[in-house]
Amino acid sequence: MRKSSIIALSCLLVMPVNMLAAQELMSDAQDLFEPIPAEPPALEGNALTPEKVELGKMLYFEPRLSESHTISCNTCHQIGMGGVDMLETSRGHRWQAGGRNAPTVLNSVFNTAQFWDGRAADLAEQAGGPMVNPVEMASTTTHVVEQLKGIPGYDAYFKSAFPDDPDPINLPNAEKAIAVFETTLITPNAPFDKFLKGDETALTDMQKEGLQAFMDNGCATCHNGVNVGGNMYQPFGVVENPGAEFLPPDDKGRFQVTASVDDEYVFKVPTLRNIALTPPYFHTGKSWDLHQAVAVMGSSQLGITLSDDEVAKITAFLDSLTGDQPQIVYPTLPPSVATTPRPMP
Ligand code: HEC
Ligand code: HEC
């Protein structure tokens with residue numbers, strides 16, 4: 001046989017095997033994960049309108065909702081930085097350190113509950129929390145409303161976002177508008193989404209091997225669904241305690257919400273979407289290296305020691321979860337006037 005036909009023949013033999021393996025990997029992945037949709041998902045009883053999105057965006061960037069007039073949602077969940085602040089734990093009112101790492105707001109609409117311990121059911125309930133949290137924005141419910149009513153420019157925005165409400169400036173409406181804005185903070189078109197939709201070439205060979213390892217080792221028993229996480233609670237340290245640095249004894253996680261001993265050191269399984277953009281890792285923010293976080297997961301959650309090679313492959317797969325980042329036009333906020341409540345630094 002001529003050399004070229006030998007090559008052609010061996011290609012024929014090799015290609016289908018690779019393609020078959022890729023097909024199988026794809027269909028296994030399609031059983032466990034879903035792509036991020038291109039359009040924001042609808043919230044029950046809180047319809048998306050352009051006016052509500054605009055108001056929600058203004059409030060998201062509004063530092064005057066904080067007691068000091070210096071802290072907005074975007075301070076700790078920076079849209080230009082993967083929806084986080086890249087601090088171990090956030091700095092809030094008067095530079096106080098919060099107790100936990102700020103999770104990303106991107107794709108948070110797909111989580112079945114909000115916060116590391118799931119203490120808020122949905123985005124609207126969540127949004128009220130930080131404004132009145134003494135360590136975060138340190139405002140009060142009445143102050144938030146006085147503040148918004150004290151900035152005359154907001155009147156028209158609330159009226160057009162809530163046209164049926166005779167007195168629309170109130171905290172529930174502010175929360176609703178922020179929640180609707182947050183539904184637009186989704187990141188479709190990650191290489192992994194393209195792969196899930198049938199494009200075999202969207203992942204590199206190393207990422208495919210990493211995906212295989214992610215599924216074979218059992219990572220996907222907890223990190224699955226559209227957000228590759230965000231849909232269940234699990235103990236941190238299922239098999240092995242990850243150590244006091246990553247899991248300090250005083251933060252008992254979901255136990256603080258349910259007071260049930262079964263929930264000690266149980267946390268919401270976090271989303272791994274855009275994980276390459278959101279160091280540091282864990283609720284303590286004590287791991288600055290994604291490779292390390294992956295290795296810790298292997299030992300603490302699965303009782304296995306992943307080799308450096310497996311860790312590198314899984315981390316490469318995690319890189320494929322970075323999608324199109326939201327493109328936000330920074331809002332123009334209405335000015336304070338002489339009668340607007342003053343900052344209380
Ligand atoms: C001072 C920093 C800070 C500010 C300001 C802040 N957050 Fe957060 N946010 C956090 C931290 C820390 C957590 C996690 C707290 C926990 O789980 O106990 C969190 C959690 C969240 C979550 C839950 C995400 C998830 O996956 O569980 C959402 C959504 C969110 N914040 C949105 C907002 C919005 C909207 C605002 C403005 C109204 C805001 N945050 C203001 C620090 C902040
Ligand atoms: C038994 C459930 C479970 C399994 C299995 C599991 N995880 Fe996790 N994962 C969690 C929980 C819970 C956390 C949150 C830990 C904490 O409290 O900080 C987490 C956190 C993470 C984080 C940090 C995310 C962040 O935003 O800080 C990464 C990365 C991660 N897991 C990757 C993996 C990988 C890779 C595997 C497989 C080797 C894996 N996980 C296996 C439950 C699990």
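From the backbone N, Cα and C atoms, a Cβ is placed for every residue, glycine too.
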Recorded heme c 2 site member, picked from MET206, MET297, that accompanies CYS219, CYS222, HIS223 in TrEMBL: MET297
Cβ-based isolation winner (fewest other Cβ atoms within 10 Å) among the binding-site residues CYS73, CYS76, CYS219, CYS222, MET297: CYS222
Binding-site residues close to ligand 2 - of CYS73, CYS76, HIS77, HIS93, CYS219, only those whose C-beta is under 6 Å away: CYS219
Spatial neighbour of HIS77 (heme c 1 binding site) that is closest, considering only the binding-site residues CYS222, HIS223, MET297 and their CA atoms: HIS223
Among CYS73, CYS76, CYS219, HIS223, the binding-site residues whose C-beta sits under 6 Å from ligand 1: CYS73, CYS76
Top Cα neighbour of CYS219 (heme c 2 binding site) in the set of binding-site residues CYS73, CYS76, HIS93: CYS76
